[in-house]
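Feature annotations, courtesy of TrEMBL:
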SIGNAL    1-23  signal peptide
DISULFID  Cys33-Cys48  disulfide bond
DOMAIN    60-217  domain 'Cupin type-1'
BINDING   Asn107, His112, Glu117  oxalate binding site
BINDING   His110, His112, Glu117, His162  Mn(2+) binding site
Amino acid sequence: MASSSSFLLLAVLLALVSWQATASDPSPLQDFCVADMNSPVRVNGFVCKNPMEVNADDFFKAAALDKPRVTNKVGSNVTLINVMQIPGLNTLGISIARIDYAPLGQNPPHTHPRATEILTVLEGTLYVGFVTSNQPAQNRNKFLTKVLNKGDVFVFPVGLIHFQFNPNPHKPAVAIAALSSQNPGAITIANAVFGSDPQISDDVLAKAFQVEKNTIDWLQAQFWENNHN
C-alpha cells in the first residue's frame, strides 16, 4: 500500500514538473521582475530592473482601450498590450489586446506561437474558428467554428491557426483578447508565406499549394499589410 502511495505521489510530482516545463512563460520566482529595457544583457525575456527603482508606472499604460481604432485593408486593427508596453508584465505570462473589426472585416488566419487566447466579444457579432493540427491520433485539421454575439467567449489553443470575421456588412465589432504570454507573438499565415523577406521560392510554394507558379508570383507581388500594432 505504501509503495502504491509513493508511486502515486511521484506521478503527481512528475506531472507538475512537466506542466511547468511546457508552460508558455516560466513562473515567476519573486513578486515581480520588471523588464529592464536598457540592460545590455540578453536573456529569454528581459533582465529584471532593480526592485528599488520600480514604481507604479512600470505596471501602467494609458492605453485608451475604450476608444475605437482605424482598421486596415483587411478590416481589422489589433492593439496589443504586452511586455513592450508594460515592463511589469515581464515573467507574469499574460497580455491583452483590443481588436476592432470593420463591417465585413476580419482578423485573418494567424497563430500565436507562445500563447493560448481567450476572446470576449464586446460589440457586434463574430464568426470565429480554429483548425487542429495534423496529429495522427486526433482528427487531422478539424475545423472548429462558432458564431459569437456580444458577451460570448471563445478559446483558441496555443499555436493553432485561428481567425475572426465580422459578418455584418453595416456594423463594426469589437473584442478583447487575453493571451497567456507576456509576448505571445503573431504569425499571419498569408503574410508569412507570401510576404516573407526574402521571398520563399515560387517553386516551393507552387508545389506546396498545387498551383501554377504565376499564381504564386501574383500573390507574392501583393502588399501584405500587418494589422497588429
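Glycine too: its Cβ is placed from the backbone N, Cα and C atoms.
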In the chain carrying His110 (Mn(2+) binding site), residues 6 or more apart in sequence that have Cβ under 8 angstroms from it: Ile161, His162, Phe163, Ala186, Ile187, Thr188, Ile189
Other residues, Cβ within 8 Å of Asn107, His112, Glu117 Cβ centroid (oxalate site): Ala97, His110, Thr111, Ala115, Leu119, Phe156, His162, Ala177, Leu179, Pro184, Ala186
Rounded to the nearest Å - Cα separation of Glu117 (oxalate binding site) and Cys48 (disulfide bond): 26
List of residues, in chain order, with Cβ under 8 A from that of Cys33 (disulfide bond) and at least 6 apart: Phe46, Cys48, Lys49, Asn90, Thr91
Which of Cys48, Asn107, His112, Glu117, all recorded positions, has a Cβ with the fewest other Cβ atoms inside 10 Å: Cys48
Near-site residues: Mn(2+), ref His110, His112, Glu117, His162, CB cutoff 8 A to centroid: Thr111, Ala115, Phe130, Phe156, Leu160, Ile161, Pro184, Ala186
Cβ atoms near His162 (Mn(2+) binding site) (within 10 Å, other residues, all chains): 22
